[in-house]
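Colleague: Below: one structure in C-alpha cells.
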Amino acid sequence: MSTATATQTPVFSVSGLWKVFGPKPERIPADPELGALDPADLRARTGCTAAVRDVSFDVRKGEVFVVMGLSGSGKSTLVRCLTRLIEPTAGTIAIDGEDVRAMDKARLRELRRHRAAMVFQHFGLLPHRSVIDNVAYGLEIQGIGKAERRERAAEVVDKVGLAGMEHRRPAQLSGGQRQRVGLARALAVDPEVLLFDEPFSALDPLIRRDMQDEVARLHREEGRTMVFITHDLTEALKLGDRIALMRDGKVVQLGTPEEIVGSPADDYVREFVRDVPREQVMTARTAMRPAAPGEAAEGPAIAPEATVSEAIEAVARSGEPARVMAEGKCLGVVDHERLLGVVAGVAADTPAADTTDAVVAAGGRTAEATPVPQPAAPGKHRQATPPAPRTSPEDV
Amino acid sequence: MATLSVPTSARTAKPRVLKSRAAGKLLLLALVAAVLAPWAATRWPGAAWPHELTVSLAKPLASASNWIIDNRDSHPLFLYFFGYVSNAVVLCVRAVYLTLLAAGWTGVTALGALVAWRVAGARLAAGTAIALLTCGALGMWVPTMQTLALMVVAVLASVAVGALLGLAAGLSDRLDRALRPVLDTMQVLPAFAYLLPVVLVFGIGVPAAVLATVVYAAPPMARLTALGLRGADPEVLEAVESLGATRRQRLLTARIPLARGELLLGLNQTIMMALSMAVIASVIGAGGLGDRVYQALASVDVGQALAAGIPIVLLAIVLDRVTGAAGSAKPAGTGQTPSRTVGWPYALAVTVAVALVTRLLGRLDWPSGLTLDIAEPVDHAVDWMTGHLYSGVPVVGGTADWAGHFTTWALDPVRSGLQWLPWWSVLLIVAALAWSIGTWRSASTAVLAMAAIGVLGVWGPALDTLSQVLAAVAVTLVLGFATGIAAARSDRVERALRPVLDVFQTMPQFVYLIPVVALFGVGRAPAVAAAVVYALPAVVRITTQGLRQVDPAALESARSLGATGRQQLWQVQLPLARRSLLLALNQGVVLVLAVVIIGGLVGGGALGYNVAFGLAQGDLATGLVAGAAIVCLGLMLDRVTQPTERRAKKGA
C-alpha cells in the first residue's frame, strides 16, 4: 500500500510557491536577496508582504494534509492559491500532474466545480437560501437540473447529519450546523479533494470536537483527500496524516504528527509542541529498542502503531517489557525506560534502527522512507484529544 | 530598550504634530489673510461683494432661455430627443392616471390595501385603506390620484436609472469613484435647486416635474444599490467563486440577492424623495396635491392647505411603512413563501373584481355625499387663533409676537452682522471653519462655492438666506442636542419620541409650511420655524444613536470610578460621540437649508424667493442665478460642516 501511494501522482504538487502582496510583487521571488529578508525588513524595503514564501509540498491521494500555523503565517493564503482564489506570484502548482497556473478561465472553473471544493471558516453560506438549496448550490452552478440536484443534495444532507433541517435558513441554524451545511455543500459536488480553511475555529470547543470527529469519520468512510488549514495544534495532531507547520509564510517542518512532536526541526517548533502530551502522539515504533536476546519470545505484544500511552499500560500491567509485533515478527521491545524517555522527550538520541526520524527542514520533501499512513489507519487510534497546550496558539 | 523607546517617542510626538498642524493651518491662513485682506479692502472698499467682481449672467441666461423657447418646436435636439422624452413622460403619466381613475376609488383602495397586506401584513393594509379613504373624504381624491400617477412614473424611472447606475458603480471601481462624489453632492442640495434647469429645457409642466423628481430621487437608489453590491459578505462571494461560478452567476445568485436589504431601502428612500419632490414640483406644474397646497399657501388659506396637506402626510406614512416593512421583513422559512406567491393573483383578481363592480354600479367617482369639508372649520380655528393667540396673550405673548421678536432679536442682528462683515472676511471665516474641521480640499471647495455666490451677483440675498440658516441651525442644535441627550439617557423618553420622530421624518418638506403659516403668519420667522421642525427629528435621532452607541465598557469604567451622571455625559459620552454630533450638525445644516429655501414661498425672501419669483414671472435668468447660488450655498455649508471621517463611514 505504501509503495503504491508513493508512486502515484500526488493530488496536489506544489513547489517554490510564492504569494507576495504589494507593489510589483514579482521582483521579490525573483531576487534571492529580497526573498531572504525577514517580513519587517521586506516591508520596509519594498512595501510588500510575502504571505507565502517558497513553499513546496505534495499532497498524496487519500491523506489528510494539515497546514498549521498561527494567524498571519500565510496558511489561508496558501490554500487559496491552490485553486487560484488568490493568484500566486511565483512557483508551480499541479493537480494530478496538470499545471494549475497555466489553466485558462474555463478550465479553472472546471477545477473549482468538480475537483476541489472548499469549506470556509465563516461558512460563506447564502443567507437567502434554505439549507438544501445552499447544499445544491454548487450543482446549480454546474447547470444541473433542479430535481436532480435536490436529490443529490438531500443525500449529502443526510450524510452530514442535517436530515430534517432541509428547509431552514442558515440564520436559523447553530454554528456547528452551519458548518455542516458548508461541508455538505463541498461534498455535494463530489470533489476529488476537499480544502478546509480553518473550518472549526469559529465554533465552540465541544462542537468543534464533534465536527472534527465528523471529518475523521467522513475521511474514514470515503478516503477523500483533504487539505486542512488550522491554527489549532490539537486539531492538527488529531486529524492530520501529515502536517506542514508554517511560520511567516515558510514551511518550517513537514512530517507526521509523531515526527513534529518527537523531533521538532527547530526551537520554534519545539516551543510549539512543548505542552503536547507526547505519550498520546508518539508510537511504540519510535519508542522501541532492538530486542535483547530472549526478549523477542515473551512479554505482552503491541502493534507498532500503538501509542506510547497504550504501551505504558501494557508494560505496567505485565511488569515486563512489551514486544512490538507486526505480522508475527518482533520488531523490537519497549521497556519502562524507553517509554519514560519518550514521555520526557529525552529518548530521541538513540533511535531504534528502523524508525524513521526523517526530519524535514523548511520547504523540503519528506524522505521516501516516511511511513505513509493508510487512509483509515494508524493515525486514527491516536484518539488523542490532549488538553490544549498551555500556550494556546492564538495568544502567542 | 532601544526598540522600546522608539514607539513611545513616536506616540508622544504625534499629538504635538497634530496640534501644530491644526495651528499651522490657521497660521498659514492668517498669513494669507494678512497679505490679501488689506489689499482687497483698499482695492474694493465696502462690506458687500464688490461690483467689479461680479459677472452678470442675466443676459446670457435670458437669451439662452429665449432661444430655447423659440426653438422648442423646430430644433432637432428638441424634436428628436427632448420632444420624445417629454411626450413619453406625458403619455405614461396620463396612462397611469387614467388607469387609476378607471379603477375607481374602490379599486384603488382595494389594490392599495391588498398590496400592503401582501407586503406588510393586515395592520398596514387597514392603515392603507383608511389613509386612502381619508384622502377621498377630504375631497382630494382626484388630486391624490394625480400625485400618485406622477409618483408611479417618476419612481419607476428613478428606480430604473438608479439601479442601473448603482449596478455599474457596484461592479466597476472606477465608475464608483467617479459617481460617488456626484451622488454625495446631489444628496445635500435643496430640492428647489433642481427645478429651474429642468424648466429651462422642458418648460413648466408635467414632464419637467417628473424629470426633476427623477433627478432628485434616483441618487439614493444608485447609492444604495452600489453599497449593497459592494457590501456583500466577501467570504460568501469567495465561497461562491470557489465553487466555480461565472461572473454572471455570481451576480445573479449571490450579489443581488445579498443586496436585497439595501435595494429595498433604496426603493423606500427613492419613493420618499419622489413624494417630497412631486409635491414641491407643483411649483413647476406638477398638479395634484402639492399644487393645492401651493395655491392655498399663496392665498394664506390654511384650511385648504391642510385639506391637501393631510393626504400628503398620509401618503407619505403609508408608502414609507409599507416599503419599509418589505425591506425589514427577513425572508422567512419556505413555509410562507408559497402562500406569498399564491396571494398575488388573488389580490389582483379581487382588485379587478372590485373595480368592475363599482364601474357597473356607476360609482367610480368619489361619492360627493361622503366629502368632509374641513377647510371651513380649520379656517375658523385659524381665525380664532389669529384673534386670540397671535398677540397679547398675557405673560407668554402671542405667536406673532414670538415671530416678531425672533425676527427682531435674532434674524435681523445675524443678517446685518453678516452683511456688515467685509466680503473677504466671510471667505476667510468659511476657509478657517472648513479647514479646521475637514481637509484643504473641502476648504477650497467651500471657499470657491462662496466666492461663486459673490460672482453670481447674489451676495446680499445669499447672506440673507445664510442668516436664516444659521439662526435655524442654532435653534435646531440646541433643541436637538437637548432632546437627543434626554432620549439617550432615558429609555422612556426615547420610546415616547420614537413614533413622533418616525412620522416627522417621513413628511415631505413642503407640508411643514402649513402649520407654521397658521401659527406665525408669513415672513422669515415662519420659514425658520418650518426649517427647525423639519431638521429636528434627524438631529435628535443621530444624537441619540451616537450617544447610545458609545462603548458601554467606557461608560461602565467611568461609573466604576464614581463619575456622576453629568461627568459621564461631559467626559465620556459627548467626546466619544463627537463624530455623530458632527454628523448631526451636518445633516441639520443640509436639511435646514432645504426648507429655508422653500420658505421663500411663505415670505422667507432671499434666494428661495428669487427662484419662486423667477418661476412665477417666467424670468428664468433670475431664478437660475438664484438656483446656482443655492447649489453653491449648499456645497459650502456641507463642506464647512463635513468632518473628514464622514466620507469613509457614510453609508445609509
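The backbone N, Cα and C atoms fix where each Cβ goes, glycine too.
Pulled from TrEMBL, these are the listed features:
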TRANSMEM  B:95-117  transmembrane segment
TRANSMEM  B:124-142  transmembrane segment
DOMAIN    B:144-323  domain 'ABC transmembrane type-1'
TRANSMEM  B:148-171  transmembrane segment
TRANSMEM  B:192-218  transmembrane segment
TRANSMEM  B:271-290  transmembrane segment
TRANSMEM  B:302-323  transmembrane segment
TRANSMEM  B:343-362  transmembrane segment
TRANSMEM  B:420-437  transmembrane segment
TRANSMEM  B:443-462  transmembrane segment
DOMAIN    B:462-641  domain 'ABC transmembrane type-1'
TRANSMEM  B:469-490  transmembrane segment
TRANSMEM  B:588-608  transmembrane segment
TRANSMEM  B:620-637  transmembrane segment
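Could you place the listed features in the three-dimensional structure?
Modeller: With a cut-off of 8 Å between Cβ atoms, the residues of this chain six or more beyond the transmembrane segment (B:95-117) that come close are 124-129, 132-133, 136, 141-142, 145-146, 148-149, 152-153, 318, 322, 347, 350-352, 354-355, 357-359, 363-366.
Non-local neighbours of the transmembrane segment (B:124-142) in the same chain are 101, 105, 108-109, 112-117, 289, 292, 307-308, 310-311, 314-315, 317-318, 321-322, 325, 365-366, 370-374; each lies 6+ residues outside the stretch with a CB under 8 Å from one of its CB atoms.
Long-range Cβ contacts of the transmembrane segment (B:302-323) within its own chain (Cβ-Cβ under 8 Å, at least 6 residues beyond either end) map to 112, 115-116, 119-120, 124, 127-128, 131-132, 134-135, 138-140, 143-144, 147-148, 264, 267-268, 271-272, 275-276, 279, 289-290, 292-293, 295-296, 373-379, 382, 503, 506-508, 510-511, 513-514, 517-518.
Note on the transmembrane segment (B:343-362): residues 102-107, 110-111, 114-115, 117-118 of its chain, located 6 or more positions outside it, place their CB under 8 angstroms from a CB of the stretch.
If one looks beyond the transmembrane segment (B:443-462) by at least 6 residues along the same chain, the residues whose Cβ comes under 8 Å of a Cβ in the stretch are 48-49, 53-57, 419, 423, 426-427, 430-431, 433-435, 605-607, 609-610, 625-626, 628-629, 632-633, 635-636, 639-640.
Sequence-distant contacts of the transmembrane segment (B:469-490) (same chain, at least 6 residues past either end, Cβ-Cβ under 8 Å): 406, 410-411, 414, 418, 497, 528, 531-532, 535-536, 539-544, 546-548, 565, 569, 573, 581, 584-585, 588-589, 592-593, 595-596, 633, 637.
Remote same-chain partners of the transmembrane segment (B:620-637), defined as residues 6 or more beyond its termini with a Cβ less than 8 Å from a stretch Cβ, comprise 57-59, 61-62, 65, 185, 188-190, 192-193, 195-197, 199-200, 430, 445-446, 449-450, 452-453, 456-458, 461-462, 465-466, 469, 589-590, 593, 597, 607-608, 610-614.
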